[in-house]
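According to TrEMBL, the features are:
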ACT_SITE  CYS363  active site, proton donor
DOMAIN    39-390  domain 'Orn/DAP/Arg decarboxylase 2 C-terminal'
DOMAIN    46-294  domain 'Orn/DAP/Arg decarboxylase 2 N-terminal'
MOD_RES   LYS67  N6-(pyridoxal phosphate)lysine
Amino acid sequence: MNHVARLVREHFAGSAEVLKIGDLPVTAIASRYGTPSFVYDRGIMTKRVSQLRAVLRDEIAIYYSAKANPHRSVVAHFVRLGCGVEIASKGEYLRALEARCDPRKIVFAGPGKSEAEIELVLAKGIGELHIESLTELDRISRISRRLGLRASVAVRINPTAEAQGGAMRMGGKPSQFGVDEEGAEAVVARVLECGDVDFTGIHLFTGTQILDPAILLTQYRKAVGIARGLAAHFRRPMKTIDFGGGLGVPYFPHEQELDVAALSKGLDELVREVRADPWLSGARLIVEPGRFLVGEAGIYVMAVSDIKISRGKKFVIVDGGMHHHLAASGNLGQTIKRNYPVALLNRLTEPPCEKVDVVGPLCTPLDTLARDIDLPEARIGDLVGIFQSGAYGLTASPTQFLSHPPPNEIVVEQGRIIDDPALPVGG
């Protein structure tokens, strides 16, 4: 079964020809809202949370990583499902509050937090600030003193290389993220000496787009080991162990889905180990998935505006492009361009008959969304869809490039439009 067929079977429905997203024909959505549009199915998000909770049970809390997709209805949905929110900016913090997230269930990570951001979140309320340097500790301490409160802080740790994995390594090498593991004791000592903050625990985030459960378990064990060592050294129990994110989704044909069920046994053993340790037994355990929860829930829908042949190569020109979906163009972290799953959404059952390049309207050769991809013979007006577009799509793209208008973002579920771009947030 090819990649598109698997996604349609697992997450979407199709009539003889037309894909349905959230039980709505994509042709009807495009007719009502136009193209290009991102369409997100809330039902898939719910399914993903349920799938992960079945493995984590009540032992490990899920905090949605808002950077994956900060759309108002997306964040609000995860909050309604009981998730906390991991944020990396003032804007994401305000979006979490707009979604009615309890501020105590928000954690703030990322290097270079500004004084204004820190003051805002401390004044309005925040579960934890994850410090990434001694400068940041001093900044948080000074602002806490001025506000007359005590900030809860965890130390983000950049671990040694043996705990690494994933498509984009975020630790185990020189990095702007966190404090190096070998210097963590000195940083925690400074935190404990500081009279204006409370030390809660540690945060590790070592890689993204991980599809191998063994790599995730290795990273989680590494976090527990570091937490145990620090707690025993300072003779202080840990209140938080944040394992970070990194759970991936398959974008390309050679990739396999993350076997979440395979995490279950290893996680059960790890949780028992944590609960049996007197220094760790009361710790709150956290994971911060983003892409895993929302990536497969989104499709970028475009219309074919032109078809041309140049020196034997056929180009299908669509009305969307890299300015809306940089990742699909291969310009967000790919070394070699590989195609996301792409299909003609209004002609799903037709077999492919030709290789084409799918390109956008921008006057740059970088605006290539799929290269040498097998499709049925396209016609002007056909709907082209890029699957796996729920995470790191619109907000990870250069939307101002060439001053094209933005796409719509539409949230659907079970035959209903949950968030109409022209109306206030609903659902």
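Just so it is clear, glycine is given a Cβ too, placed from its N, Cα and C backbone atoms.
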Rounded Cα separation (Å) that holds between CYS363 (active site, proton donor) and the residue listed as 'N6-(pyridoxal phosphate)lysine': 29
Fewest-neighbour residue among recorded positions, criterion Cβ within 10 Å, set LYS67, CYS363: CYS363
Local confidence of the prediction over the domain 'Orn/DAP/Arg decarboxylase 2 C-terminal' (39-390), expressed as mean pLDDT: 94
